[in-house]
Amino acid sequence: MTSVHTLPDITATPAWDALRKHHDRIGDTHLRQFFEEDPDRGRELTVTVGDLYIDYSKHRVTRETLRLLVDLARTAKLEERRDQMFAGVHINTSEDRAVLHTALRLPRDAELIVDGRNVVADVHEVLDAMGEFTDRLRSGEWTGATGKRISTVVNIGIGGSDLGPVMVYQALRHYADAGISARFVSNVDPADLIATLADLDPATTLFIVASKTFSTLETLTNATAARRWITDALGDAAVAHHFVAVSTNKRLVDDFGINTDNMFGFWDWVGGRYSVDSAIGLSVMAVIGREAFADFLSGFHIVDRHFQTAPLESNAPVLLGLIGLWYSNFMGAQSRAVLPYSNDLARFAAYLQQLTMESNGKSTRADGSPVTTDTGEIFWGEPGTNGQHAFYQLLHQGTRLVPADFIGFSQPIDDLPTAEGSGSMHDLLMSNFFAQTQVLAFGKTAEEIAAEGTPADIVPHKVMPGNRPSTSILANRLTPSVLGQLIALYEHQVFTEGVIWGIDSFDQWGVELGKTQAKALLPVITADNSPAPQSDSSTDALVRRYRSERGRTS
């Protein structure tokens with residue numbers, strides 16, 4: 001059943017108007033004043049979910065702001081929409097699909113009937129098949145064509161079939177315990193595949209081809225080249241020993257030469273950017289094992305249950321989504337920095353870029369009408385402390401408002417002492433975490449700088465205005481469960497914002513036209529004869545120059 005969101009324009013509601021007037025009153029208030037007037041703010045404007053301690057006190061909001069934002073969420077019927085998603089209602093209206101990434105992490109004894117099927121049973125059937133396969137791979141029972149054990153799995157996919165597995169593998173690679181490593185190929189640029197395979201042995205390499213339809217151009221182009229690399233070294237019969245598929249298209253998988261017994265499926269109610277906890281995560285399970293992967297899924301479920309049951313006033317994803325909307329629609333912010341103080345989360349910001357920007361980068365509401373306010377936050381970031389020596393200057397003293405999410409851990413996976421002997425390198429890392437959130441919020445005044453004896457002409461250059469907002473997310477250690485909790489925390493923020501904006505956060509029509517046009521242009525740039533003129537003079541000139549530099553008739 002399709003559920004069409006028919007709410008009126010949210011920007012024309014009393015709840016929106018109340019927030020606008022509230023912003024007029026408090027929008028310029030400094031965080032210093034908020035903390036002076038409310039000394040307990042730093043302890044009270046926090047929420048704990050699972051293993052995540054979330055401090056949102058350094059945001060330019062008051063308790064009244066939060067109350068008004070929750071009123072806005074209720075006006076948009078967020079709770080009703082959330083319940084529809086968890087129940088399997090077709091809330092992806094443009095594609096008439098349920099949205100059930102949350103079902104991927106339901107426990108085995110749960111039941112969820114959607115379109116006449118218990119999807120939980122289907123999910124665990126695939127998880128069991130993945131587990132049996134990875135057990136064979138990790139034990140050495142599964143071998144390559146020459147009888148050697150597999151030591152490297154190469155995931156070939158793009159978009160959600162790549163960004164999620166890459167990020168999770170890097171974050172959890174310390175949990176590898178069976179002598180298997182993973183690599184990832186996504187770009188159709190041949191340099192990607194060539195560099196990945198350069199030092200690998202075909203006899204000990206297994207490819208996972210991840211494509212729901214098994215027809216994604218970039219993925220199949222890379223997979224075909226990888227198959228040629230295997231067959232040139234080991235013969236045609238080796239394909240069945242060195243390739244498995246994550247797909248739903250048995251015919252094309254079989255045509256490729258992969259035994260369909262080694263095909264792991266997923267469903268149209270799982271969007272690519274929400275799929276790392278499905279069979280798309282097979283490369284991760286192969287490295288960390290089925291038990292650690294189950295812990296990963298359990299982390300998602302912890303936050304799912306919180307999002308589903310906690311009152312909006314204390315619901316972490318809802319509050320963070322509402323605060324993001326406050327900055328986007330009332331404070332003029334356009335982007336959010338994601339700053340993990342963990343090198344293991346180096347790819348987390350890139351992962352969130354797809355999750356958030358492909359979901360909420362929309363200019364049309366679910367009912368087909370144009371939006372009446374800005375939508376979609378631009379996500380970007382790098383791990384600390386690297387970012388401090390790159391772009392934090394703009395965060396501290398620039399003219400743009402950039403709310404930031406700081407993510408850190410009390411216990412490192414590995415640690416080393418500092419040369420000075422005062423704590424460890426991890427302590428040094430986290431001292432920067434705490435210092436940056438503090439300085440962003442409170443800054444340093446001209447009077448304070450002058451009092452240090454700074455020359456008068458230098459004082460203006462050293463003023464740190466502060467009032468730069470941030471969220472601090474602190475967990476004990478980066479474990480599979482904690483990573484699942486972090487991902488789900490952001491998934492449900494995306495949902496919260498999308499519901500209030502009235503958009504469909506689960507389609508991505510904006511990526512389709514470019515792919516179609518690329519297919520049309522490929523024969524134009526490769527044909528032997530001179531091509532017909534393109535519809536615009538810029539593309540025509542570019543194509544002709546490219547053809548000329550490739551030695552083709554222009």
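Here, residue 1 is simply the first one shown, and the rest follow in order.
Yeah, the Cβs are placed from backbone N, Cα and C, and that goes for glycine too.
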Of 23-50, 527-554, the range Swiss-Prot labels region 'Disordered': 527-554
Rounded Cα-Cα span from GLU358 (active site, proton donor) to HIS389 (active site), Å: 29
Cβ neighbour count (within 10 Å, all chains shown) around GLU358 (active site, proton donor): 23
Assigned conformation of LYS515 (active site) - DSSP reduced to three states: helix
Rounded to the nearest Å - Cα separation of GLU358 (active site, proton donor) and LYS515 (active site): 15
DSSP-derived helix, strand and coil totals, residue by residue, for the region 'Disordered' (527-554): 13 helix, 0 strand, 15 coil
